[in-house]
Every structure is written in C-alpha cells, then in structure tokens.
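Colleague: Here you go, one structure.
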Amino acid sequence: MSLSLSRVASSALAGARIPHRERDAPRRRRALRVCALARGPIRLSANKKKKKLEKQRDAKSKDRESRKRDATLVDRVNDAEHEARRWLGQHFLIDASVVTDAVEAARLNEGDRVLEIGPGTGNLTCELLSRGANVLAVEKDRNLAEKLRKGLCVEHGEALRLVEGDFLKWDGLAAAFARTSPEQPRAKVVANIPYNITTDVLKVLLPMGDVFEDMIFMFQEEVAQRLVRDDAGGGDYRAMSVRVHYYSKPYYIRFVPPTCFMPPPNVDSCLIGFKPKEPHELLPLNGTENQFFTFVQACFAQKRKMLRNNLKAVCEENTMEGAFAMLDRGDKIRPQELTMEEYVRLFNFVRERAAESAPSSEQ
Ligand SMILES: C[S@@+](CC[C@H](N)C(=O)[O-])C[C@H]1O[C@@H](n2cnc3c(N)ncnc32)[C@H](O)[C@@H]1O
C-alpha cells in the first residue's frame, strides 16, 4: 500500500495523468475492508434471526403443550363433578407448570414414598405417580375420597394408598412412614392444603426430620415471605418463625397467582419448601422442645412490647438481668428482634439459672 500510494503521489507531483485503476486503488481497498467488516455482523444477525425464530417456534410449541396439559388438569377437576367446598379450602390446581414445579422441588426418585395431604381431584397425585412415587394420600372430603377410591386407586393399584379423614386427627402417620432401616431413604411431603391449617400441619411434620426429608407446601404468599426470612428485626417475625427455623431450612420456590386454581382464591399463593433438620442438627436445649416453644410463645405474648416486659412473666428479675447481659442486645430489644439461635441461648440461660436456684432434691 505504501508503494502504490507513493507511486500515485509521485505521478501526481510530476503532473502526469494517473491511471484510473491506480488512482482508485486505496479507495477500493478501503471499501473492501469495510465490506469484510460488514459481512461479519450481517451473518451474525442472520444467525440471531434464525435463533430467534427457533426460540419463538419452541415457545409456541411449549405453550401449546402446556395449554394441553392445563386442559387435562381442568378436565380432571370438571370430571369429578364436585362442588368446591370453601370451608375445606378447595381450590384445585389447574396450572401444569405449578404442578411440575411442586413435584420437581420434591426431587423424586423412582420408588420414593410420598405423603400427600389433601389430594382433592388428584392433579398433584397423578404427577407424583407418573414419576414413580408411592403415594399415601390423606383426604378429608368424603365425596372426593370416594371418587379417588373408584378412579385413581383402581388405576394405580398399590402405588396409591388413600386414607379418608382429617390429617390433623390421623394417628397412623408415624407408623405409615417409619423407616425399616437407616439406609431406607426418608419420605417426602407434597401438600396443597387449606391455608388455615398449614401452621398446625407444620407443627406435626417439622419435628419429623428423621422421617421426612423434603416438604413442599402451597402457602399464602404473604405468610411464606414471613416464614422464609430469618431477618429477626422485621416486625413480622413471630413465634412460628422461631419454630420453623429451629426445625428446618425453609426456602421460597415460586409465586402462584390465583388464576392457577379452580375456583381462584382471594389471595396470592406460592410454593415453599422446608428442609427438615435431622435430629443431630437440632440445637441442644436445656429442656424439652415443648418447654422451649412455650417459653418462646411467652416471649411473644405482647409482641409490640419490649422483650423485658414479656420475660417478667417467666423469670426472676436477677435472671433477667443476667440474660440481657448474656445476650448483649441492649435493654430495649423487642421479641421479634431476636434470632432463633438467640432464643435458644436465652431459654438455656433461663433454665440453667432456674435449676441453680431450685432447692437440691438430695438435701
Ligand atoms: C387446596 S385443595 C387441593 C387439592 C389438590 N391437592 C389440588 O392441588 O388440586 C385442598 C384439599 O385438602 C383437603 N383437606 C382440607 N382439610 C383437610 C384435612 N384436615 N385433612 C385432609 N385433607 C384436607 C380438601 O378437601 C381439598 O381436597
């Protein structure tokens, strides 16, 4: 290039007529370079277009597929010809993506034992069975239980066992899921139950970490947000959060809008998981678990008040001074500002002081 430029320059200086091709050579070379540069992005954008089209086609076919799956769920609810009973929290799942996410969150393996509370018309149950799980379902509604017995139970034989009755009154739980050897995998729980019984159901299941490993629940969104956060300090941190974090590691899975149910509920929902701690992972207590939770409940007796005021009811003045010094969180702390670990330390401290000041039985 420097050669041709110098030839052009010297010819021009000599006043000679520069040949057309030589005069235009630098411009042509520049144009070629620009074209070469241009070709790259042009090819790239063609690829992008192709990929975008493929993605759109994929999305459309997935959309068609999931609408077909949604329709199957709606059909199953309609086929039950059952009038939903609101007092039993009957909002049946009709969104296939939610059903899939709930079941996948349980990380099922072929042959896993699963407790389903409230199978209803069987949409979650069918998905669990299709993944090779052995399901034990507890349904309170007599009409729905009857339909399940005549339908899914016949279809799936031993893979599905149905217990008709109120889960909270059922005394067969421990025996039904007892492990026959330490090598046997723990069972799993999947439940879309009425929101007004979730707390009671959790009270039963959370301490069963040696029996259940994954627990997936449908929850009211607002309540789940409170339970999952361990940010003591938020005004919504309640005694139930202490219980949940003592026994498990809760985690948020996904948001579920009212349109995913038939009939739709008035509140937003979500899937939430609880990973129960095994017995050896639980923090040691200076007393029984019941005594601990009764103590925590007393600390929250009036949650707008300072912890000091609530503690007065359960411990001596000098024990309280020692407890506050041990916690080192100041005098004005409120019940919702302590973490679960701090409640365990507080409980253990108060119990230890109480034992020290009690008259010895050997005297
Ligand atoms: C929200 S519906 C869910 C039904 C189904 N699992 C679904 O996702 O489509 C709640 C189900 O729990 C049942 N149920 C309500 N209270 C119950 C209880 N205490 N014990 C067992 N089942 C209960 C209801 O009858 C209903 O079938």
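Residue positions begin at 1 at the first shown residue.
Each residue, glycine too, has its Cβ placed from N, Cα and C.
Since this is a predicted model, take the numbers as computed values, not measurements.
This is the feature table in TrEMBL:
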BINDING   His91, Leu93, Gly118, Glu139, Asp166, Asn192  S-adenosyl-L-methionine binding site
COMPBIAS  55-72  compositional bias 'Basic and acidic residues'
DOMAIN    98-278  domain 'Ribosomal RNA adenine methylase transferase N-terminal'
REGION    46-72  region 'Disordered'
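Can you tell me where each of these features sits in the structure?
Modeller: The Cβ neighbour count for Glu139 (S-adenosyl-L-methionine binding site), using a 10 Å radius over every protein chain in view, is 26.
Residues 94-97 of the same chain, all 6+ positions outside the region 'Disordered' (46-72), place their C-beta atoms under 8 angstroms from a C-beta of that stretch.
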Colleague: What is the number of other Cβ atoms found within 10 Å of the Cβ of Leu93 (S-adenosyl-L-methionine binding site)?
Modeller: 23
Colleague: Taking helix as H, G and I and strand as E and B in DSSP, count the residues of the region 'Disordered' (46-72) in helix, strand and coil.
Modeller: 27 helix, 0 strand, 0 coil
Colleague: May I ask which residues of the same chain, at least 6 positions away in sequence, place their Cβ under 8 angstroms from the Cβ of Asn192 (S-adenosyl-L-methionine binding site)?
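Modeller: Residues satisfying the criterion: Leu93, Ala102, Gly118, Gly120, Leu124, Phe217, Met218.
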Colleague: Compute all pairwise C-alpha distances among His91, Leu93, Gly118, Glu139, Asp166, Asn192, the residues listed as binding S-adenosyl-L-methionine, and give the largest one in whole angstrom.
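Modeller: So the maximum pairwise Cα distance among the S-adenosyl-L-methionine binders is 20 Å.
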Colleague: Ten-angstrom check, please: count other Cβ atoms within 10 Å of the Cβ of Gly118 (S-adenosyl-L-methionine binding site), all chains counted.
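Modeller: For Gly118 (S-adenosyl-L-methionine binding site), the 10 Å Cβ neighbour count is 24.
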Colleague: Within 10 Å of the Cβ of His91 (S-adenosyl-L-methionine binding site), how many other Cβ atoms can be counted across all chains shown?
Modeller: 22
Colleague: If you average per-residue pLDDT over the domain 'Ribosomal RNA adenine methylase transferase N-terminal' (98-278), what number do you get?
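Modeller: The answer is 94, the mean pLDDT of the model over that range.
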